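> Feature list, courtesy of Swiss-Prot:
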type	residues	note
BINDING	35	heme c binding site
BINDING	86, 187	heme b 2 binding site
BINDING	100, 202	heme b 1 binding site
TRANSMEM	32-52	transmembrane segment
TRANSMEM	90-110	transmembrane segment
TRANSMEM	116-136	transmembrane segment
TRANSMEM	186-206	transmembrane segment
């Protein structure tokens, strides 16, 4: 085992990376309220794992979507548990995100030189809410359908660009298969990719600048 480690150490300098991570200074004022961001990230990982598991059975079709969700809940081994964890962690992710934003704001973590960290965090908050909006409609039940119809209709109030934006979101004049396909694509590919890139950027800036000091 030692030879295997030495082989990787010689090429990747694993120990130097581990020492750099473990030796990072943590200010003494940091307390449990500074854990909200880490909890959001943990919830995101749970979402990815449980969401990926459900893609094996979910069908993004207006005809089969509800039946496939019902199948996951009633027939797939532990399917009810996986979907329930997905829902619970989604709620937890949003709640922890809100608390994290409040904590950063109240402790002045958005001030110079951390403005860009704050900006990426705000964009991540928008992405998180978008996860909820797109995922809410995927079962394509009555609640999901009308929620989708209302959400995609909101931009119509924006002058000039509003109506074309509605067409892009819905994939046509009315809510239907094209809308569900767009929401599914956004929920399972576009938003996770955007969140991963933004989180990496967010973490690298925190790593570079450190945790803000006490007020």
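Glycine residues also receive a Cβ, built from the backbone N, Cα and C atoms like all the rest.
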> Out of 35, 86, 187, point to the one nearest residue 100 (heme b 1 binding site) in space (Cα versus Cα); all of them are binding-site residues in the record.
35
> Work through the binding-site residues one by one (86, 187, 202) and name whichever has its CA nearest to the CA of residue 35 (heme c binding site).
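So, spelling it out, the nearest of the binding-site residues is 202.
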> Cα-Cα separation of residue 202 (heme b 1 binding site) and residue 187 (heme b 2 binding site), in Å?
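Just about 21 Å between their Cα atoms.
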> Identify, in sequence order, the residues in the chain of residue 187 (heme b 2 binding site) that are 6 or more apart from it along the sequence and have a CB within less than 8 Å of its CB; answer 'none' if there are none.
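Counting only residues 6 or more apart in sequence, the Cβ neighbours of residue 187 (heme b 2 binding site) under 8 Å are 51, 131, 134, 135, 138.
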> What is the Cβ neighbour count of residue 86 (heme b 2 binding site) at a 10 Å cut-off, with all protein chains included?
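So the Cβ neighbour count for residue 86 (heme b 2 binding site) comes to 19.
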> Other than its own, how many Cβ atoms are within 10 Å of the Cβ belonging to residue 100 (heme b 1 binding site)?
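Residue 100 (heme b 1 binding site): 23 neighbouring Cβ atoms within 10 Å.
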